[in-house]
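Notes for the one structure printed next.
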Amino acid sequence: MRQCQRSPIGIFDSGVGGLTVLRELYRRLPNESILYFADTARLPYGTRSAGEILQFVREIMDWMTSQQVKMVIMACNTSSALALEAIRDEFALPVLGVILPGARAAVQKGKRIGVIATPATAASNAYRQAIEEIDSTAQVWQVGCPDFVPLIEQNRLYEPYTKEVAKQYLNPLLQVNIDTLVYGCTHYRHLEPLFRQILPPSISLVDPAQYVVSAAEKELELLGLKSTLPCLPTRFCVSGNPETFANLSRQWLGYIPRVDKVYLPVKIRSSMSLEVLE
């Protein structure tokens, strides 16, 4: 059991969005070792088809299991919306998504709920369905935001253009008088200072990262896998440029991490695993 407790939690996202989940894990579960994977070679996920997303996630999960993780958190709303159920059926370890924890938190905050998300997540109606299943009286408005992830990954958070884009996306939600805004993409927490400049203070902001970590903690306790041992250093792996990810993530981690390059072969078969390049 001690060996299982010592095994890392796997987190994956298309890029730096999952760092919001990572920071919450550091805060809530300081004894847990973590393996973070960013599929930066294929971001953004939000404009991909459902078939592509499922293919990508299967490849990542094959590699994650080869790294002997004890749990995987899909720190990516698009993957959670389009691949979570299929992946849970195919892999034996616990796999958590961010949508249901975010939906549960949203209905506790208000009844007029806006969701900003990638186009793929918005089109899936995953948040609308989850929220309405929990509270049929809640009203949900969704806006697809294709430009946010590229702007964040390009580190253009504080440019006037980014603020104008944010206003364009948020204005339809302000017009219907939402009382709650859900970050339907883990990247969007990085834009929170900008959102606070645009939104009235009466609107509650829901970051699903906070709530998926709470769910992960409960799951680990239930399975007897919560670590009571000191953690190992976090491993960072990417499919794209390690230096780009390291430099971009510095502002949220507070240090420049060591990042390993991981090669994702472009294969049709979903069973292909990933290989770490030496």
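Each residue, glycine too, has its Cβ placed from N, Cα and C.
What Swiss-Prot says about this one:
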BINDING   Asp13, Ser14, Tyr45, Gly46, Asn77, Thr78, Thr186, His187  substrate binding site
ACT_SITE  Cys76  active site, proton donor/acceptor
ACT_SITE  Cys185  active site, proton donor/acceptor
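Where Swiss-Prot records a feature, it is marked here on the structure.
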residue: Asp13; record: substrate binding site; Cβ neighbours (10 Å): 30
residue: Ser14; record: substrate binding site; Cβ neighbours (10 Å): 30
residue: Tyr45; record: substrate binding site; Cβ neighbours (10 Å): 26
residue: Gly46; record: substrate binding site; Cβ neighbours (10 Å): 26
residue: Cys76; record: active site, proton donor/acceptor; Cβ neighbours (10 Å): 35
residue: Asn77; record: substrate binding site; Cβ neighbours (10 Å): 33
residue: Thr78; record: substrate binding site; Cβ neighbours (10 Å): 33
residue: Cys185; record: active site, proton donor/acceptor; Cβ neighbours (10 Å): 32
residue: Thr186; record: substrate binding site; Cβ neighbours (10 Å): 31
residue: His187; record: substrate binding site; Cβ neighbours (10 Å): 29
Request  = Using C-alpha atoms only, work out the spacing between Cys76 (active site, proton donor/acceptor) and His187 (substrate binding site) and round it to an integer in Å.
outcome  = 8
Ask   = Given the recorded substrate site (Asp13, Ser14, Tyr45, Gly46, Asn77, Thr78, Thr186, His187), which additional residues of the same chain have their Cβ within 8 Å of the Cβ centre, ordered by sequence?
value = Gly15, Gly17, Leu43, Pro44, Cys76, Ser79, Thr118, Thr121, Val149, Cys185
Inquiry  = With DSSP assignments reduced to helix, strand and coil, which class does Asp13 (substrate binding site) get?
reply    = strand
Task = Rounded to whole angstrom, what's the largest C-alpha distance between any two of Asp13, Ser14, Tyr45, Gly46, Asn77, Thr78, Thr186, His187, listed as binding substrate?
result = 12
Note = Students should find that the Cα atoms of Cys185 (active site, proton donor/acceptor) and Thr78 (substrate binding site) sit apart, in Å rounded to an integer, by 7
